[in-house]
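The annotation active site, proton acceptor is assigned in TrEMBL to LYS40, TYR266. According to TrEMBL, the feature substrate binding site maps to ARG136, MET314. Under the heading domain 'Alanine racemase C-terminal', TrEMBL lists 245-369. Taken from TrEMBL, the feature N6-(pyridoxal phosphate)lysine covers LYS40.
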Amino acid sequence: MANGVHFRPTRAEIDRDALHHNARIARQLAGDARLLGVIKADGYGHGVLTVAEAISEHVDAFAVAFIDEAIEIRNAGFQHPIVLLEGCFSEAELPVCAHHNFQPVVHQQQQLDAILMSRMVRPLSVWLKVDTGMHRLGWSPAEAQRVYEELKASPQVGSVTMMSHFANAEKQTHPLNDKQLELFEDVCAQTESKLDMSLATSAALLSSAIDMAQHNGHWVRTGILLYGDNPVEKAIELPEPLRPVMRLVAPVIAIRNVAKGESVGYGGTWTATRPSLIATVAIGYADGYPRHAKNGTPVWLKGHEVPLAGTVSMDMITVDITDFTDIAIGDEAELWGPNLSVGRVATHAGTISYDLLTNVTARVPRVTR
Ligand SMILES: *Cc1c(COP(=O)(O)O)cnc(C)c1O
């Protein structure tokens with residue numbers, strides 16, 4: 001990795017046009033709502049500054065998990081407000097937030113006390129999190145009203161945006177969705193008629209779980225859809241399909257015959273049931289390819305889908321290419337990307353697209369196109 005030179009061709013190609021395209025679709029679906037581009041965890045593993053640059057013209061603000069992620073974005077020169085989805089860890093962050101227009105979520109009493117007791121030069125904009133059923137962060141619906149009023153009354157506080165988070169947004173028919181929506185609407189109705197609020201994420205937008213027209217002042221928090229994956233079981237029809245942003249690529253570095261009855265890889269989890277041809281590809285779990293990917297997980301190679309054959313190693317995987325004679329050393333496999341959705345690979349590995357995208361490791365160069 002010295003001097004940015006990479007001899008190993010394994011890489012994650014990042015498609016800027018696809019980011020623009022997906023952000024435009026988010027914009028279209030969101031209607032009059034404002035868009036919060038969620039770019040935590042290094043832009044879901046795509047490289048946060050690349051993502052920020054591509055989506056900056058399409059979104060009204062950015063969101064990250066915590067302040068260190070926000071500072072990186074601000075230092076790179078982006079002027080958008082940045083929401084801190086976990087809020088602050090200590091009161092030392094508050095002046096930094098006020099100075100940089102970072103907008104922390106306030107989800108518990110210590111955070112509230114710190115803000116109310118602070119002496120900031122500029123008022124802080126905050127997001128008040130209500131726990132409507134996820135039971136991870138936030139105030140109960142019964143407490144939210146009091147907290148809202150305390151924040152509104154404080155000279156330290158500028159705007160307050162009411163927010164909550166669905167626990168099952170990717171399953172449209174899950175009964176908790178309606179219950180959470182109802183609780184959230186009740187809390188909002190008790191506070192003010194013209195309230196800034198935020199409930200929808202990518203899944204809610206892609207399933208029309210929330211009627212945006214009925215939620216004036218809504219902020220939609222879009223993460224995964226910007227990166228081109230649709231997490232919803234039965235998604236609505238989109239004006240155009242989303243485009244995967246990351247294409248993870250690695251070369252074939254060996255091809256061998258394996259006799260019937262021989263096993264491949266650590267633990268011999270795959271055994272040839274016929275005379276087989278096995279290709280070894282230079283990517284492994286140390287690159288972020290999931291170690292739990294099962295035998296049969298698809299890998300895209302020269303226009304074919306070939307099945308993973310054998311346990312994923314640290315630096316390599318093995319695939320069964322017996323049915324294809326046109327594959328040679330140096331050919332490049334797509335582990336996920338436009339030809340093979342990251343969601344499908346995730347299912348074979350017992351996980352979700354978010355997990356795979358955010359776990360591509362630092363030794364895989366991001367190549368922006
Ligand atoms: C990460 C995150 C999001 C983004 O969710 P997607 O499913 O990627 O759209 C939204 N809201 C909160 C609170 C988050 O932590």
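Using N, Cα and C of the backbone, Cβ positions are placed for all residues, glycine too.
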- Looking at the recorded positions LYS40, ARG136, which sits with the largest number of other Cβ atoms within 10 Å of its Cβ? LYS40
- Query: Which whole-number value in Å describes the distance between the Cα atoms of MET314 (substrate binding site) and LYS40 (active site, proton acceptor)?
  - Reply: 26
- Message: Which secondary structure state does DSSP assign to MET314 (substrate binding site), in the simple three-class scheme?
- Response: coil
- Message: Measuring Cα to Cα, how far is LYS40 (active site, proton acceptor) from ARG136 (substrate binding site) in Å?
- Response: 18
- Query: How many other Cβ atoms sit within 10 Å of the Cβ of MET314 (substrate binding site)?
  - Reply: 11
- Note on the structure: ARG136 (substrate binding site) and TYR266 (active site, proton acceptor), compared by Cα position, are separated in whole Å by 39
- Task: Give the helix, strand or coil assignment DSSP yields for ARG136 (substrate binding site).
- Result: coil
